[in-house]
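Peer 1: Quick one: structure below, then a few questions.
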Amino acid sequence: MYRILFTLLFSRMDPEEAHHLAFRWIRRVARVPVLRTFVAAVLAPRYEELRTETLGRRLHSPFGLAAGFDKNAVGIDGLAMLGFDHVEIGTVTGEPQPGNPKKRLFRLVTDRALINRMGFNNDGSLAVAARLASRRPVFRTVVGVNIGKTKTVPESEAAADYVKSAERLAPHADYLVVNVSSPNTPGLRSLQAVDQLRPLLTAVREAADRAVPARRVPLLVKIAPDLADEDIDAVADLAVELGLDGIIATNTTVAREGLGLTSGPDLVQETGGLSGAPLKARSLEVLRRLHARVGDRITLVGVGGIENAEDAWQRILAGATLVQGYSAFIYQGPFWARSIHKGLAARLRTSPYATLADAVGADVRTSA
Ligand SMILES: Cc1cc2nc3c(=O)[nH]c(=O)nc-3n(C[C@H](O)[C@H](O)[C@H](O)COP(=O)(O)O)c2cc1C
């Protein structure tokens, strides 16, 4: 059904327009109580065995929606209705900004991939914080808030920009993510270097504690798949040293590996971050490396190229407590989260592990 809709409508539209149209429909359905209850009953099934506790929260499932889909926190309940058990909003920057000029999102259909250079188009931390503050949640979903640097702010003042967002947004966040890995803001990824990352994460931690003295808002960092292995280890060590709560691996890649020949050279050469199927192998590799380094001392979130339940299961076995996706949602539509929950529950039931927590990182334990 969705495949027909995708072929006849969405694939003929500009990808960004298609995104806005689909997201508007989702939000409309979620505004009608009887409709959203029905849709959620079908698409957000609850499997006892998938219940997860992490980052100080209880979740129905480890599977959620990655950052970038709902940049402005306008449709959290609609996305929860479709079965995403946590929704990471953002990236939100200190100041509002329009992002890069259009066209800035490209579909590589035969590769089941996307290239984007959106450039953090968002309403800014003040507006998004106000929206979150006035939100009356319908579904109990964990809301992560992903923050990044305003483009016009120089790198030397980056920390102050993140701090501003953290102070405004931490009170409304179940967890906070410092995004230093988007390829579409010049200089952003250099903040992943430990000597820059240490003061940045320390400042954001302090800002979150100042803003929410009564609760320790979990703090995570989201990293790029393009980091060299030694840099991954360095970030992992830093995360442990600073008492960070988690690492999200990974963002999109600037590499163009794993693409077939059918997408055409023009499309492949578009500037931006590549996501979807071609990212799968590297994201899994980065996750494995992180897990080998940090063990279960901090929560790992696996993202990048997850298309089906088997992919999600592989991330869990490799050490991810939570898994996220984005690109495959565009290609597979509203039944996607449901099929992942169902497949994950089936895999867990037939596995040697009594609980989902037992399965996290099991690959490493069995090979050790
Ligand atoms: C159009 C688009 C916009 C994105 N925007 C953001 C963003 O604002 N912040 C962020 O941390 N990640 C962003 N991402 C990256 C995703 O959160 C995710 O890390 C990446 O796409 C890999 O997952 P996937 O292969 O399942 O898509 C974006 C991805 C896409 C496709």
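Placed from the backbone N, Cα and C atoms, the Cβ positions cover glycine too.
Annotations in TrEMBL come from automatic prediction, not curation.
Relevant sequence annotations retrieved from TrEMBL are reproduced here:
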DOMAIN    50-348  domain 'Dihydroorotate dehydrogenase catalytic'
BINDING   Ala67, Gly68, Phe69, Asp70, Lys71, Thr91, Asn146, Asn179, Lys222, Thr250, Gly276, Gly305, Tyr326, Ser327  FMN binding site
BINDING   Lys71, Asn116, Arg117, Met118, Gly119, Phe120, Asn179, Asn184, Asn251, Thr252  substrate binding site
ACT_SITE  Ser182  active site, nucleophile
Peer 1: Any idea what the model's mean pLDDT is for the domain 'Dihydroorotate dehydrogenase catalytic' (50-348)?
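Peer 2: Here the mean pLDDT over the domain 'Dihydroorotate dehydrogenase catalytic' (50-348) amounts to 96.
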Peer 1: To the nearest whole angstrom, state the Cα distance for the pair Phe69 (FMN binding site) and Arg117 (substrate binding site).
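Peer 2: That comes out at 13 Å between the alpha carbons.
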Peer 1: Relative to the Cα of Ala67 (FMN binding site), which of the recorded positions Arg117, Gly119, Ser182, Asn251 have a Cα no more than 10 Å away?
Peer 2: Asn251
Peer 1: Checking the contact step here: among the recorded positions Lys71, Asn146, Ser182, Lys222, Gly276, Tyr326, which have a Cα within 10 Å of the Cα of Arg117 (substrate binding site)?
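Peer 2: Qualifying among Lys71, Asn146, Ser182, Lys222, Gly276, Tyr326: Ser182.
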Peer 1: Identify which of the recorded positions Ser182, Asn251 has its Cβ surrounded by the largest number of other Cβ atoms within 10 Å, counting every protein chain shown.
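Peer 2: Of the recorded positions Ser182, Asn251, the most buried by Cβ count within 10 Å is Asn251.
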Peer 1: Go through the binding-site residues Phe69, Arg117, Gly119 and pull out the ones with a Cβ less than 6 angstroms from some atom of ligand 1.
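Peer 2: The ones that qualify number zero, so the answer is none.
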Peer 1: Listing them in sequence order, which of the binding-site residues Gly119, Lys222, Asn251, Tyr326 have their Cα within 10 Å of that of the residue listed as 'active site, nucleophile'?
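Peer 2: Hits: Gly119, Lys222, Asn251.
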Peer 1: Pick out which of the binding-site residues Lys71, Arg117, Lys222 has the most other Cβ atoms within 10 Å of its own Cβ.
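Peer 2: Neighbour-count leader: Lys222.
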Peer 1: In whole Å, note down how far the CA of Asn251 (substrate binding site) lies from the CA of Gly276 (FMN binding site).
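Peer 2: Each residue's Cα considered, Gly276 (FMN binding site) and Asn251 (substrate binding site) end up 11 Å apart.
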